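Peer 1: Okay, these came from TrEMBL:
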- 101-122: transmembrane segment (TRANSMEM)
- 128-147: transmembrane segment (TRANSMEM)
- 159-183: transmembrane segment (TRANSMEM)
- 195-214: transmembrane segment (TRANSMEM)
- 246-266: transmembrane segment (TRANSMEM)
- 278-294: transmembrane segment (TRANSMEM)
- 300-320: transmembrane segment (TRANSMEM)
- 332-357: transmembrane segment (TRANSMEM)
Amino acid sequence: HVLIAPYTKIEETFPIQALHGALAHGLDIDAYDHHVFPCPVPRTSIASFALAMASAPWIAIARGALGTMTTGHVEQVVCRMTLGCAWVASHASLRRSISDVFGATTSAFTGILALCEFHLLFYASRPLMNVFAMVLTMTGVGAWARATATRDSRLTFRAVRLVTVAAFLLRCDVLLLLGGMGLHMLATGLISVPRAVWVGGTCAALTIAASVLVDSWFYRYWVWPEFSGFYFSAVLNKSIEWGTSPWHWYLTVALPKSLMCAYPLAMASVFVERRARPLMFVGLFYAALISILEHKELRFIFPVLPLFNVSAATVLARIWNGRSKPGAGRKFVTLAAFGMLCASAALVCVFTAASAVNYPGGVAFSRLHHDRTIAPVPGVVHIDVPAKMTGVSLFGEAPPGSGWTYAKKEELPIEAFESMDVDY
């Protein structure tokens, strides 16, 4: 996915530009792009700094191997691969927990379902706060599942801490996941109210303090980014400026589109696998509450996709384990289930091919710098909003001293270009 669709979209703008700033400018915050082109809602810089530090050794290796061929585009690919590896490691941690609780077959089908879904792996390497949060929440969900089976308080506390950090640092909507898990923990006696307040409250306070200190230094004014995001979207409801969807959109469009064959299987798990019911409760609890917001995006339900996948995997495991038993009905169910898997895998191939041509701005920007039939000599390039929205980022720009310069003034009338000294 990284190599087929290496560019980024508008929703990834702040993390990818902050990531470039961390690699190119280090602690020289005044040189970062967000001072000139601020986001409508501030986001934490900690995630981008962490990814930059994790990617730096691999970028150094790439520079040593490729020399002058190590362009900004290569660095962007390395950073995305690093994030993708972190996502895969977190998913592997979840699967190990599922193996302990539900068995190796369910764990295997959890992985197979992820491979048969387009959106999970397509976004796994994309620098979105939703994806950064998933790296923490998948491990947290795994710890919660094991705690439910073993009654181990250490696993319970680990789950609470991981999901709390994700909620208060990266994505405030993860609070809904924390709420669903917390209700289950309290109802089953995994944790008491005083202990939950102490563990969750202490972790939240430390997370908020770290975010306020680092991000206030980064933005040059006092800010807790996730509270700003919550206030903007949930209190002021200004996110509707980017469009609205019906209340049932997550249940009738987003989840079926994301999960494909796993969606009906997950729903069936409520009736055939008692141990999957807590997962489904939390997943549906999250989907129901986040549906209250009028502005809806598919990435907003990322935290609960693994829960639905595990639930669906329990059904597939039952079908697989009973495949050799006699009965025409059982054989039909087996063939139908695995036919659905094959159909989902085929759709993944179609969606992946379509995604490769969905970044015209990034492709045009790359060709401008490398195709001499388009741009015989370096010059001044004007970058408009549609180009920024479809793949242009700082990683695609040529280094200083190359002869290329960039004009990024937005909302210019056509007549203004006649008086501008722009070559491309």
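In case you wondered, yes, glycine gets a Cβ from its N, Cα and C as well.
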Peer 1: Checking distant contacts: for the transmembrane segment (101-122), what same-chain residues at least six beyond its ends satisfy Cβ-Cβ under 8 A?
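Peer 2: Residues 1, 5, 91, 94-95, 145-146, 148-149, 257-262, 275, 298, 305-306, 309-310, 312-314, 316-317, 320-321, 341, 344-345, 347-348, 351-352, 355.
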Peer 1: Are there residues at least 6 beyond the ends of the transmembrane segment (128-147) whose Cβ is under 8 Å from a Cβ of it, and what are they?
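Peer 2: Tertiary neighbours of the transmembrane segment (128-147) are 11-12, 15, 43-44, 47, 51, 83, 86-87, 90-91, 93-98, 100-101, 153, 155-156, 158-163, 165-167, 170-171, 174, 177, 181, 184-185, 190, 279, 299-300, 302-303, 306-307, 310.
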Peer 1: Could you tell me whether the transmembrane segment (246-266) and the transmembrane segment (332-357) have 3+ CB pairs under 8 A, leaving out pairs under 6 positions apart?
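Peer 2: Contact confirmed: at least 3 Cβ pairs fall under 8 Å.
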Peer 1: Near the transmembrane segment (278-294), which same-chain residues lie under 8 Å Cβ to Cβ, leaving out any that are not at least 6 residues past its ends?
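Peer 2: Result: 145, 148, 173, 176-177, 179-181, 183-184, 233-234, 237, 239-240, 244-245, 247-251, 255, 266-267, 269-270, 300-301, 303-304, 307-308, 310-311.
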Peer 1: Would the transmembrane segment (246-266) count as touching the transmembrane segment (159-183), if touching means at least three Cβ pairs under 8 Å and pairs must be 6 or more apart in sequence?
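Peer 2: Counting Cβ pairs under 8 Å (6 or more apart in sequence), the transmembrane segment (246-266) does not reach the transmembrane segment (159-183), since there are fewer than 3.
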Peer 1: Report, as numbers and ranges, which residues of the same chain sit near the transmembrane segment (300-320): CB under 8 Å and 6 or more residues beyond its ends.
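Peer 2: Hits for the transmembrane segment (300-320): 91, 94, 98, 102-103, 105-110, 112-114, 117, 119-120, 123, 130-131, 133-134, 137-138, 141, 145, 166, 171, 173-174, 177, 250, 254-255, 258-259, 261-263, 265-266, 268-270, 272-273, 275-276, 279-280, 282-283, 286-287, 290, 333-334, 337, 341.
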Peer 1: Below 8 angstroms Cβ to Cβ, which residues of this chain, lying six or more residues outside the transmembrane segment (159-183), approach it?
Peer 2: 44, 46-47, 129-130, 132-133, 136-137, 139-141, 143-144, 147, 191, 196, 199-200, 203-204, 207-208, 210-211, 226-227, 229-230, 234, 281-283, 285-286, 289-290, 300, 303-304
